[in-house]
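Sharing a structure below in structure tokens format, with a few things to ask.
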Amino acid sequence: MKIGIPKEIKNNENRVAITPAGVMTLVKAGHEVYVETEGGAGSGFSDSEYEKAGAADRCRTWRDAWTAEMVLKVKEPLAREFRYFRPGLILFTYLHLAAAERVTKAVVEQKVVGIAYETVQLANGSLPLLTPMSEVAGRMSVQVGAQFLEKPHGGKGILLGGVPGVRRGKVTIIGGGTAGTNAAKIGVGLGADVTILDINAERLRELDDLFGDHVTTLMSNSYHIAECVRESDLVVGAVLIPGAKAKLVTEEMVRSMTPGSVLVDIAIDQGGIFETTDRVTTHDDPTYVKHGVVHYAVANMPGAVPRTSTFALTNVTIPYALQIANKGYRAGCLDNPALLKGINTLDGHIVYEAVAAAHNMPYTDVHSLLHG
């Protein structure tokens with residue numbers, strides 16, 4: 001199979017969908033790999049490294065990468081990339097379609113086979129292709145939150161770890177999954193007063209065992225969320241419902257916070273969990289202030305640490321890409337239930353129910369199309 005790797009064009013998106021080692025894996029399996037010129041530069045990979053690994057040396061433009069049978073990316077396509085959509089194109093990337101109506105309509109209209117990293121799901125409910133980026137974003141969330149709590153960045157001037165005789169900063173993390181757990185690790189490491197909320201009592205027990213008395217765990221409900229948000233210096237939104245939006249923090253709750261507090265919405269690429277995160281920001285202009293509260297809503301947080309992120313991402317995506325390339329998407333997905341859950345669009349239909357619901361568009365069962 002011909003596999004294309006275009007250069008990411010989203011603002012400050014320095015990750016790339018494949019490392020030279022990944023190229024070598026695919027080439028050794030008999031596939032052709034086309035990496036756009038300087039596609040890996042942001043992650044520290046040169047064109048010559050890709051060529052030595054077996055990538056075609058004649059790929060120079062977006063067009064060359066996008067004309068492949070399968071395109072591997074990191075982030076959802078931007079409007080100027082829609083021109084390369086065509087029936088049967090396999091697009092394997094983070095799609096986050098529930099929060100991207102324009103992208104959804106484009107892949108449906110052009111009958112693109114849209115396979116989303118974030119909805120590939122194992123039998124135990126875990127999301128193996130989302131996990132590494134959730135780890136990165138979770139750890140970054142408290143780092144950037146601490147930075148924007150500084151007065152020169154619009155914050156209230158709080159040091160999260162405090163100093164002797166001065167209270168520590170209060171951090172609330174909504175969601176105790178991978179991102180939330182990693183946020184807590186950094187918060188605890190900085191010496192902050194950390195509270196984690198989750199709807200799963202068993203998960204709260206696990207977090208209590210993991211962190212002991214270094215964190216407070218609370219059952220997530222509207223009452224506890226409102227109380228914690230009001231008292232916090234930094235709130236991290238780390239809730240993900242695969243393929244869907246999850247607005248948990250109301251505008252009224254945000255209004256109750258003291259001026260200069262900070263919200264970091266890790267889930268903004270899926271629509272976010274705060275009613276007041278009404279826009280997506282960029283690494284160039286990462287924050288805005290609403291009701292006196294600093295909002296950080298960068299949709300590609302791991303793009304700021306591309307070297308780490310690219311290795312972490314491709315470690316988990318390449319085995320699935322190899323399965324698609326070896327068997328084709330139909331057989332590959334039918335043979336692997338986890339990969340089957342990754343299909344969001346197929347033959348002009350939305351086949352992931354949460355995406356269809358998010359845009360009030362028709363839903364079609366994927367099996368009826370794959371077996372048709």
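Just so you know, glycine gets a Cβ as well, placed from its N, Cα and C.
Keep in mind it's a predicted model, so treat the numbers as computed, not measured.
Look at Swiss-Prot and you will find Arg15, Lys75 tagged as substrate binding site, backed by similarity to another entry. Taken from Swiss-Prot, the feature active site, proton donor/acceptor covers His96, Asp269. What Swiss-Prot lists as NAD(+) binding site is Ser134, 178-179, Asp198, Ser220, 239-240, 266-269, Arg279, 298-301.
Help me see these features in their spatial surroundings.
Look at Lys75 (substrate binding site): DSSP puts it in coil.
Taking a C-beta cut-off of under 8 angstroms and a sequence separation of 6 or more, His96 (active site, proton donor/acceptor) has the following same-chain neighbours: Glu76, Ala116, Glu118, Asp269, Gln270, Ala299.
Taking all protein chains in view, 26 other C-beta atoms sit within 10 angstroms of the C-beta of Val298 (NAD(+) binding site). Taken residue by residue with DSSP, Val298 (NAD(+) binding site) is part of a strand.
Every protein chain shown contributes to the tally, and the Cβ of Asp269 (NAD(+) binding site) ends up with 25 other Cβ atoms within 10 Å. The secondary structure of Asp269 (NAD(+) binding site), as reduced to three states from DSSP, is helical.
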I'd like the number of other C-beta atoms within 10 A of the C-beta of Ser220 (NAD(+) binding site), please.
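Summing over all protein chains shown, Ser220 (NAD(+) binding site) has 21 other Cβ atoms within 10 Å.
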Distance between Ala179 (NAD(+) binding site) and Lys75 (substrate binding site) at the Cα atoms, whole Å?
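Between the alpha carbons of Ala179 (NAD(+) binding site) and Lys75 (substrate binding site) there are 18 Å.
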Quick one: among the binding-site residues Arg15, Lys75, which has the most Cβ atoms sitting within 10 Å of its own Cβ?
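Result for the most crowded candidate: Arg15.
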Please report the distance from the Cα of Lys75 (substrate binding site) to the Cα of Asn300 (NAD(+) binding site), rounded to the nearest angstrom.
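Their Cα atoms are separated by 8 Å.
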